[in-house]
Amino acid sequence: MSSTAAQAAGALAAPATGTIPRHVAIIMDGNGRWAKKRFLPRFAGHKAGVEAVRRVTREARAIGIEALTLYAFSSENWRRPEEEVSDLMGLLRHFIRSDLDELVRENVRLRVIGDYRRFAPDVVEMIDDAVARTGGNDGPILAIALNYGAQAELAAAARRCAAKLPPDRIDEAAIEAELQTRDLPPLDLLIRTSGEQRLSNFLLWQAAYAELLFVDTLWPDFDEAALREAVAAFGGRQRRYGGL
Ligand code: FPP
């Protein structure tokens, strides 16, 4: 194992031991259906989705979850109409402008996973600035997945491993050390809202031993109580990691 791989597999590798998951990831799905049910434009659903992001990130901190990863824009979302992509970018800009001070104050470390450098230059600059402003914090991690795709992440990790190591030294730890989530705790719980039961190219490697929870609630309706219920469901699961 390389020394970086050994480091990655060391301190951070311990999964949750109690009933509180250390790392929770959420596929925030159902904004469009939420809006449709109310005869509102899809934008209204995404806007309400941002409110849910705010509620859930606050509640995750209150519960003591160490890392929360949110799937805000997948590498496949470019296929949506230009207007919707632009609306999502607008909401991201707005979220950073309105919530960054709170994140800094609350000791949150903001991270971004995904190839967000393909976004408009002003958004890239805002993201880099926001990440830098929380860089001195040492509290919970809020990771936002932007233009993220797990297969692309794995292909990039494989390329980096191949450039550094002979084939027989490329093991699980070496790959893990090249993932964008390398400084996050192991993924304990992955939630998808809106009744769909797919991973949609999200954290495929990291989900290897995560508990999966699919809930019918549409993302804009997901609230503090829903997160607490999800954490309680996690606490009731038996994790065997392939053992008995
Ligand atoms: C899925 O709902 C949701 C998205 C593709 C985007 C999620 C984005 C947000 C919640 C807002 C931006 C986030 C931040 C962090 C500022 P959908 O549109 O696929 O819903 P549908 O399946 O019902 O149509």
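Each residue, glycine too, has its Cβ placed from N, Cα and C.
Proximity of ASP29 (active site) to non-local residues of its own chain (separation of 6 or more, Cβ distance below 8 Å) is seen for ARG192, THR193, SER194, GLU196, LEU218, TRP219, given in sequence order. TrEMBL lists ASP29 with the feature active site.
Other Cβ atoms within 10 Å of the Cβ of GLU211 (Mg(2+) binding site), summed over all protein chains shown, number 21. Marked as Mg(2+) binding site by TrEMBL: ASP29, GLU211.
The substrate binding site feature in TrEMBL is assigned to 30-34, ARG42, HIS46, 74-76, TRP78, ARG80, ARG192, 198-200. Sequence-distant neighbours of GLY32 (substrate binding site) (same chain, 6+ residues apart, CB-CB distance under 8 A): ARG42, GLY45.
For ASN77 (active site, proton acceptor), the count of additional Cβ atoms within 10 Å of its Cβ stands at 16 [all protein chains shown]. The feature active site, proton acceptor is assigned by TrEMBL to ASN77.
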Exercise. Out of TRP34, LEU199, GLU211, point to the one nearest ASN77 (active site, proton acceptor) in space (Cα versus Cα); all of them are binding-site residues in the record.
Key: LEU199
Quiz item: If you measure SER75 (substrate binding site) to GLU211 (Mg(2+) binding site) at Cα, how many Å is it?
Solution: 24
Quiz item: Looking at Cβ-Cβ distances, which residues of the chain lie under 8 angstroms from GLY30 (substrate binding site) while being 6 or more apart from it?
Solution: GLY45, THR193, SER194, GLY195, THR217, LEU218, TRP219, PRO220, ASP221
Quiz item: Listed binding-site residues are GLY32, HIS46, GLU211; which sit with C-beta under 6 angstroms of ligand 1?
Solution: GLY32, HIS46
Quiz item: Which one of these binding-site residues has the most other Cβ atoms within 10 Å of its own Cβ: TRP34, TRP78?
Solution: TRP34
